[in-house]
Amino acid sequence: MINYTTILTRGVTAGTVEIIFAIILLLALLEVVRRTAGNALPIMSLLFIVYGMFGQIMPGVLNHKNISLSRIVSSLYLGQDGVFGVAFGVATTYIFLFIFFGSLISQTGMGQFFNDFSNSIAGDKPGGPAKVAVISSALMGMISGSGAANVVTTGTFTIPLMKKLGYSSSFAGAVEAVASSGGQILPPVMGAAAFVMAEFLGCSYNTVMLAALIPALLYFFSVYIVVDMEAKRLKLLGQDRATLPKLKNVLLKQGVMVLPLLVLIFMLVKGYTAIYSCFFSMGALVLINIIFGTLAKHGHGDTKLLTPRDYLRILIGGGKSAVAILLSCAIIGIVVGIISLTGLGLMLANYILQLSHGSLFITMVLTMIVCIILGMGLPITPCYIIVSIIAVPALVKMGVVPIAAHMFVLYFGAMSAITPPVALAAFAAAGICGDSAWKVGWQAVRLGIAGFLIPFAFVYGPQLLLVNATVPNVLWTLGTCIVGIVALGAGSIGYFNLKLPIPVRVALIISAVLCIIPEMTTDFIGLGVVLAIGAFIFLKTRRVKKAA
């Protein structure tokens, strides 16, 4: 505030005072983030600063003109693309408030409701605990948006139960890792990356949330299908129905706790701002807790009435979580600033286009690889910010709809959480299941294989994102994707009512890819192959039953 006049009138060149303060800020930020979020982000930021200083001696596409240290630090300190750029601005408004909303929800028993609800509808099915993990992780992911945190929250219950009923340690950990990672792409929170995406696209948060809905549901459907087939292949039974809560009782006793989340979704869909919707939902949550907590104290229900001490603990916990994310978004400003200053994003986009020789498919594959590599070891929000700046321009230049391009890189940023060698969600699950992170990671990739194809589907067919879509178009594309996901699950697991031979599995995987790519020709070919294989499986199953 003291030097604001000097800063506003400084022109292009920063003064000595600004440079000194910039260096102090950057060094302090690097150290604070190292203490709160680990080494990955500070090391990456330092590498980008070094690149900005010495990029003029780098070869090929990485080469840029000489940039002085004073220009770099002043740009990162005072520039619109630096530490106080878009990411930090979004973090201090939208993300900050939603973190407190999630902290409040976690203290009011919604997590227990999600577990009981999942057990009541899927616990007694074949492979019940694994299906409970998928459903409860999806529900928790709607509000947490962090793959590793979701694993720790739901995995401490589901992973030991899966192992008890016969799942291998690596498979149990992988189920939880792949299901929890999906929370980062499921509305309404989406790991807070959705707020940044809306800012980048210049659209409402409501638009981003609706666009993400169908692909996210397809992702969780694919995981559920694979888990179901694996359970049937291994002949794993569910839990005893007598030991599980009844759905009716769960809804009557705890169902009211989900109302604030429904209020949030309703208000967002109706077009209210994210900040207003979140604030109103928090008020609704507090009011519901007061009403039903008071009733519970008089013997009606079992809702815990939050005390002032509880609210203080919520504020402290939310504040700690918020600080970590705010600092991560601030330090990502270093990466964004260097990319903007050097033109690295456009240079890499042009290089990707050169390598692809004008092929959209090759461009997407190269972009996928870039996203997974850059996303290794990073939380979803900073991961999305980095890959969107570097990878999205290449897709947009190929004619991809901007929101589809951003969703594409968000998905593969999320998939990096289960992709070895650095897979945060797999690491968290491995710690609980007691197996190696490497085995858990590759099992998770196998289970989440459809998650690697769904982004290709909505790039080729943006109607899955509800972009310029008609109802028949959406239904047809959705139907073929569902068929493709089932075929892909059967092909990857090798089971569909009976053990499938290798040639049939290969044919199913190929037909699945054809179905998921939303082109009429590929759809009909893929559907034809799936129907033929389905008839073969049906007839063979009948012969086996008659022989028995």
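Numbers run from 1 along the shown chain.
Cβ from N, Cα, C; glycine included.
What TrEMBL says about this one:
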type: TRANSMEM; residues: 12-33; note: transmembrane segment
type: DOMAIN; residues: 25-469; note: domain 'TRAP C4-dicarboxylate transport system permease DctM subunit'
type: TRANSMEM; residues: 40-62; note: transmembrane segment
type: TRANSMEM; residues: 82-105; note: transmembrane segment
type: TRANSMEM; residues: 208-229; note: transmembrane segment
type: TRANSMEM; residues: 250-268; note: transmembrane segment
type: TRANSMEM; residues: 274-296; note: transmembrane segment
type: TRANSMEM; residues: 322-349; note: transmembrane segment
type: TRANSMEM; residues: 355-376; note: transmembrane segment
type: TRANSMEM; residues: 383-404; note: transmembrane segment
type: TRANSMEM; residues: 410-432; note: transmembrane segment
type: TRANSMEM; residues: 444-462; note: transmembrane segment
type: TRANSMEM; residues: 524-541; note: transmembrane segment
Within-chain partners of the transmembrane segment (524-541) [C-beta distance under 8 Å, separation at least 6 from its ends]:
480, 483-484, 487, 496-498, 500, 504, 507-508, 510-516
Surrounding residues of the transmembrane segment (410-432) on its own chain - C-beta under 8 Å, 6+ positions past either end:
147-148, 150-152, 155-156, 159-160, 173-174, 176-178, 180-182, 184-185, 190-191, 193, 197, 215, 367-368, 371-380, 383-384, 387-388, 438-442, 444-445, 448, 451-452, 454-455
Let me check one thing: do the transmembrane segment (208-229) and the transmembrane segment (444-462) come into contact, meaning three or more Cβ pairs under 8 Å with sequence separation of at least 6?
yes
Does the transmembrane segment (12-33) reach the transmembrane segment (444-462) with at least 3 CB pairs under 8 A, where each pair is 6 or more residues apart?
no
Any contact between the transmembrane segment (274-296) and the transmembrane segment (82-105), i.e. 3 or more CB pairs below 8 Å with pairs at least 6 residues apart?
yes
Where else in the chain does the transmembrane segment (444-462) make close Cβ contacts, counting only residues six or more beyond its ends and a cut-off under 8 Å?
173-175, 177-178, 181-182, 215, 218-219, 222-223, 226-227, 360-361, 364, 368, 395, 400-401, 403-405, 407-408, 411-412, 415, 418-420, 423, 425-426, 429, 468-469, 477, 481, 484-485, 488-489, 492, 512-513, 516-519
Express the predicted model's confidence over the domain 'TRAP C4-dicarboxylate transport system permease DctM subunit' (25-469) as a mean pLDDT, rounded to an integer.
81
